[in-house]
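A short worksheet on the structure shown next.
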Amino acid sequence: MAGDDAEAGGATTGGGTDGTPAEGTPGARNRDYDWSDLAPAVREYDVGATVGDYSWVDYLEEYGDDDAADRVRQRRERARHELAAADAGRRETVEPPYPEWDELGADPPEPKWDAVEADPSGDLGFDPDEKGDVLATAARRASNFHDYFDEFTDPETTPVAKDEWMWEHFKREYYYVGDNDWTRPRDDDGEIVRFDPVEHLGFAPENVENWLSVKDDAADKMLDLEDERTVDIHEDIDEDAFFSTIEGKTTIANRYDLEKAVPMEKKRHFREVERYWVNKPYAFVVIFHSDRENEKKYYLVEPYRNPIEEDLQEFLTEKLRTAIKYASDDVAAAGDEAERRGVIERETRKLLERYDLYDGPVGREQSLVDKLLAAVGRGGPPVEPDDTHLDGIMARPEPAVLAEDPDALTQYQVETLLYVLQRNFIGYERIDGIKHDINVEDISCDGYDSPVFVYHTDYENLITNVYHGRESLDDFVVKLAQRSGKGISKRQPQVDATLRDGSRAQLTLGQEVSDHGTNYTIRQFKDVPFTPVDLINWQTFSLDEMAFLWLCIESHKSLVFAGGTASGKTTSLNAVSLFIPSNAKIVSIEDTREVELPQRNWIASVTRPSFGEDETGDIDEFDLLEAALRQRPDYIVMGEVRGEEGRTLFQVMSTGHTTYTTFHADNVGEVLKRFTTEPINVSKTLFTALDLVSVQSQTRVRGQKVRRNRSITEINRYDPENDEINVNDVFQWEPEDDSYRQTADSSTLEDIKFDRGWTQMELDRQLQERRVLLAYLIEQGLNEYAQVAATAQAYINDPETILTLVANGRLEDALEDLRGMESVLIDVDPDKEAMVPRPDPSESVLEEAEDILETAREEGGVLAEFEGESADSLATALTPDAADEDVVADTRGLDADDLEAAIEEVTDAEFAPGSERSDAERERTDPFAGDDLEPAIEPVSDADGFGAFEPAAGDGDRAEREEDAE
């Protein structure tokens, strides 16, 4: 029985009648899981026990009684014979060997283990009758384990780090075959290739600590070598983003050029502080701090050129001089910068093609117009977008550049040469990148073999990595003078010049007047001036001071900005010029262009020296001032008063012309002394024509160099008894806590109140409205030049509309329309505006602005009455003299007789002179009415050194107004 039952079990576990394993048995092969990996006990003994081959008969032979296995084999042979006979048609004569079978060919039943002596439960760990449930549970666990293991060894989520990356991660990436089936590799004979860590490591795993120690020492040496030979960059710099253009291409100047720019001996103690582009993608600036020297350095980084590229540049330079000289078009000499760059590029391409140096694309990407022409079949073929790198840029360093093909240039080399050639022919040669840096205020070279120095807005005086050779320095200074229309030579070795971009230059040639040789100093001109909001954010002025100046300037009060060199006088003058009404005519007088005004009705006059040794043809400030009086200006702006022209300026003030200028003096007493003594020698009675003096200085606050307005002082009346001029400090700066306070009541405001016919309440409201407007611009971050200029000018033209926009938070949306004022030129290049280093407000400034706005929104505040209102039209804000809209009568419902009767009710008497209607029409005037009245003054005598001029429209001086008032 044991043999019969065991035979049945053998048929079940070992397989079907054809010897194949039956499904669902321990001997069956699972197609999804390699159970051999989960049977370490089977792999441990080499007995041929494999899945699908090891049957219950084999088990009985190994673990059962001696005869059980033989009996099962015999019964199996007889059963196979009987089944074969049944298949041959003798089914009815053959007794089934097992009564339990329902029919021949059916699967045998489960074995009855209680009929045999062997019990596999102890070896299996479970009852064989429960194998189906056990296998299902094991399959689920295996599936879960497979998913977990797949996630655990995922290379995307596991970093290659200590205690993170294990052997299984390594095996998945470098050992197993396939993506997710974990199949082990096999050799040509089909045998499994077992994993050997030594083969991959190169040493036994138990020696890993020793090897790591050795490699750690080597890594330290490599880090030391890297630190010694590479630049210590700032940790916050994302170099991939920094050295990529908007299109995602690699910039021409990149990290390699930075490494070449810094000498090897300096890399160990140089630490990067800041990095920014000045002419992307060709030039950028790095601010380094030298730990050894404890000072900061300014490094200009441009594309590096090897010696062969330098020689080629010199060769092309000589050829270009001849090619440009004989160019057919005049644009090479008279065109603007973009056209001249085009000539350089075109002629360079011709030279490259002539000498067979390069046959690839030369130049930048096609413009939009070129692309459109190419798209419609006109012009050249469209340029297909290339990859993210220029051809040749990845071949650096230079040995690789020269090794591949020294007879041909790569696209990167051509782009580099084009940049250098255009920089030298059109730009400012070695300092061209510095000239593009909006953070640099001054550029200077002190003599032969001297480096270039810069004055940086944030870091003050810095030494650079830019040097001129002796001969190249002389040539450069001569070129600057010639480009400015000046001549410089050993006979006339010093020249003051104005460069094409408006920058001022002082040039000295040779060693005749300078022991160190040729030198130059360039004071940078900013294309986009700073604004009153910038001055408040810098805390150069307080918010109250700026509102005070706004009202004074709008009310035609003359002002002098005094201070030392680089104290910010001209910057402040340019900023407050935004408060000059757009309907006023302005004439500026300068020897070097510094003033930049947004008003269109502005005549910018500049002095001119004589062409010969005598003064024939010389046009100085006096000549320009005399001409200005005949141009009927409302405001006169003189760049700087240095000498006798100051006396002329005060005589102009006394005729009622509002005047603004700058002056070198450290305090108000020094201003009075220098103006009223030689060589200017303005009489003290004439000096009272001036209304205000703003004294600025460059000082330090908490160790940082800053600019502060030390005081705003009013010039009152002259005291003949004591022979002195009375002054009144309205605002003063307190150095102790870096704050401003109003020290006295303003007599200037009293004059304005009297001239305008305002009450004290109306005067306070006018000041408060300007404070609120400035506070709103600060609080909203509206500090760009176009935003501030448009807001100020629109408010002057139509205060209610602008206050309505502010009260309802819609000013920013209307700024684009406000920029459309025809009387103000607010056309700023967005790229240049983006480069202006405008300051953010400090916490104290921002808190003050928020408090002002909160008060203005309270009941009875400036903005409260405008909340919820709508500004239907910006027409009145866009022009100071906006015409009234045509009145269209609504005649619906009226017949002809009714309309005629209505017209007859309006009599001409109502509009006769002296009538109430006529008087009311005359009262509808501008609050500035009367400013253009002729002043009641006596003509100035020739004894004061001033000729007889036409009296100009404007206010009289304060003494005469007081006499009229009395």
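We count from 1, first residue shown onward.
Glycine is no exception: its Cβ is also placed from the backbone N, Cα and C atoms.
Given the ranges 1-33, 727-759, the record in TrEMBL names 1-33 as region 'Disordered'. Secondary structure counts, DSSP: the domain 'PilB3-like N-terminal' (246-303) has 10 helix, 26 strand, 22 coil. Counting residues per DSSP class in helix, strand and coil order gives 52 helix, 4 strand, 14 coil for the domain 'PilB3-like C-terminal' (737-806). For the domain 'PilB3-like C-terminal' (737-806), the model's pLDDT averages out at 93.
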